[in-house]
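Right, one structure below, let's go through it.
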Amino acid sequence: QVPLKPGRSLMDWIRLTKSGKDLTGLKGRLIEVTEDELAKHNKKEDCWICIRGFVYNVTPYMEYHPGGEDELMKAAGTDGTDLFDQVHRWVNYESMLKECLVGRMAVKPIAAPKDEGCCIYLVFLQQITEDETILCIKTFRNNVLLHFFCFYYDWFQTDTLITIVIYTKQKDMNAELVIVDCQDQRLRGEIIMDDHSYLVEVGRYCNFAVKIKVAEKVGKVEIILKKKDNIHWEMLGQPLESHNTFIKCTDRGLFYRKCKLVSKTEVTHDTKLFCLMLPKSTHLCVPTGQHVYLKQVIAGTEVIKPYTPVLPSLPLDFKEPSHHDGAHIYLMIKIYSCGLFTQALDCLQIGDYISVSNPEGNFKKVQVQTSEDLFLLAAGTGFTPMVKLLNFALSEVSCLRAVKLIFFNKTEDDILWRNQLEQLALKDKRFEVQFILSQPTKDWVGKQGKISSSLLSEFVKRSRKDSKVLICICGPTPFTEQGVQ
């Protein structure tokens, strides 16, 4: 993010979009835009960008963009969909830029790929019964089979239960990869497979308790639902549009459910721990290293922000507390005095609801499981993804010899869970924490400064000459970029 000029906040942008001012320069007309026409608008004073087939005049948004003008200019006069997805697919650009909509891109014929090395997907369906099919996907490159996915679901019932069985043929299946929701008169079960997902989605009035069983060795997933009434079902439900599909997660889009705020406790002078309760008929486990998105409607505009769930506390016996039962999501959020979104969150009352998305992220636990030294560099609330990572590393990864957290903050009062971290360091000899302050008081006797090669060379050292090291960094963009350098 970059500093914005006064009067260029998110709230200022929302006010501008509600002012009735012509932000497209087309006086309300929508046009069809060719590639040649789009390419002409590639300057800061005249910038059009295409996202998912829709063209927006982002010229008036330049000064309001938190990432700065240069980031927007990377896609000026072009299709910026891929760049947008890489940086912030979660942003609701349709709502934010609806007054900047120029029109649709003109459709052009798509030529068949000539490159023999391209990746080809072969999808076929095999009918088993009148209602059910096996969905098979084969992926080839240079005529070599890379992946083979096969999905099939069936269901059966007793007087009180409905059991949906999904066969994935994947041997590394676990409960974290299964997301189930029963809401808005539909049942939705999603299985995550790397960057793809398989979806069972049917419409039916339901009020179920949900239980998930996973047979990891054979990749079988059972979704067990309790009937509202003890009646015989003739069919599982009406298949919805995306039912029985296997596509990229980025193409499927984010799914939200409303979660209730059950507690809000102070962690530091400006940071609070929010506890959100999932709906009773939702099964959702946020994997280590992944995040969710919170969605709020503010002044008529949907605003979305990412947050990484934490544990309710740092367990010293390396087991999650008994009250952390999968029914709650804990978020450690810094409340900014001028932050539109966090101020709205802070105004939520106990019992209020907020929309929470499916998890996202590409962090893999195997990166930790194959390491011997783990270094965590965190600044401020960049500490949040380190919480579950610490718990996982110290409780489940026996090959780790050293786990070190280098935690950067401005002042002592900003340090999150300082006492818990110090207790954890005393409890486990493999773990060490180092606090570094950039604005310490004269009484501070610890290290001070900002992230630099000299500071890191002092603390980031292998436990032995040839040990395999993993370094994880999270914090404000300048901190992360400097850390990577």
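Even glycines carry a Cβ here, placed using N, Cα and C.
As recorded in TrEMBL, the features of this protein are as follows:
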type   : residues : note
DOMAIN : 30-106   : domain 'Cytochrome b5 heme-binding'
DOMAIN : 254-366  : domain 'FAD-binding FR-type'
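DSSP labels the residues of the domain 'Cytochrome b5 heme-binding' (30-106) in these numbers: 32 helix, 21 strand, 24 coil. A mean pLDDT of 90 is what the model gives for the domain 'FAD-binding FR-type' (254-366). Helix, strand and coil residue tallies for the domain 'FAD-binding FR-type' (254-366), in that order: 8 helix, 50 strand, 55 coil [DSSP].
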